[in-house]
């Protein structure tokens, strides 16, 4: 029985070294191949010119470098790029956001999501499966290769990664951490821990694991100033409440790459954007002594949602109150909304699973026919 070939794309440096040892080759050859794949974007063993002929032949027998197919890509007028990537009959989305002095890639970790936050369009898809480490890092590989070919009017270099795409990354810990290792490896993409941010809705035990095993920057999707409201809109709060979450955040801030935690707070009109909510949020964070930066995200409506985006006046009032009480507070600018790439739109049109599957397969068929 023929053994399945190992996909080298998702192996971090230690794992690829272990693989090379297992086939009787030296570690330094593993590092050569690792660099070819990620630093140079080469996935054909025959094009790896510093490898011997016998090694190239052995690799073709025992390994492969498989990149998922891009079903389609879009570019926004503001420099945002979006890719729909085929992951074996399902699809995930990856978004590049261009800002002054930085280029941020928003990476997905799951097909769908298990957490079903009430305001999130991705959660309405249900959950299909976790992405493999190869499928996670492939999003950066594809973006880096594509953006390097873009015309020279803008600098489309990926300088930052945010694990904020489809899915809850800490529910796919075993695959996300090796992928982030590759992102931060100097032989690959060379990003620092400060430039790679993982966003979680609050899988508390895994926050401690993340600090121990990776230590990337941490962002927390808080969205509510108390357990009663958070139980309603972020259901995982029923398992890990705000007290438990903030205790983990406090330790992470002490030992992580930043001396603060970024809290994401999606503003929804008359749900969590009242001045009383801002007052409660300030009291909460101060009482728990968590060094905090707050990122306010105006809600992006999608079909069928009961929630509304607040007025600019309500957003400004909320922000001003937080700033007046000593918190660094930003309001996320809407980018890529002309290509459905703005925050909260990663699921595209929210439809039932059957129609969504049919729409995806039609898009894939149309692409293959071209």
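Glycine too: its Cβ is placed from the backbone N, Cα and C atoms.
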Which of 148, 199, 287, 311 does Swiss-Prot put in the same S-adenosyl-L-methionine site as 167, 168, 221, 222, 223, 300?
199
Determine the most Cβ-crowded residue among the binding-site residues 113, 222, using a 10 Å radius around each Cβ and all protein chains in the structure.
222
Of 106, 117, which of the recorded positions has the most Cβ neighbours inside 10 Å?
106
Rounded Cα-Cα span from residue 113 ([4Fe-4S] cluster binding site) to residue 222 (S-adenosyl-L-methionine binding site), Å:
17
Residue 167 (S-adenosyl-L-methionine binding site) versus residue 113 ([4Fe-4S] cluster binding site) - Cα distance in angstrom:
4
Taking the Cβ of residue 93 (active site, proton acceptor) as the centre, how many other Cβ atoms fall within a 10 Å radius?
22
Determine, to the nearest whole angstrom, how far the Cα atom of residue 300 (S-adenosyl-L-methionine binding site) is from the Cα atom of residue 106 (disulfide bond).
17
Sorted by position, what residues of the same chain at least six away from residue 221 (S-adenosyl-L-methionine binding site) have a C-beta under 8 A from it?
117, 199, 200, 201, 202, 234, 264, 266
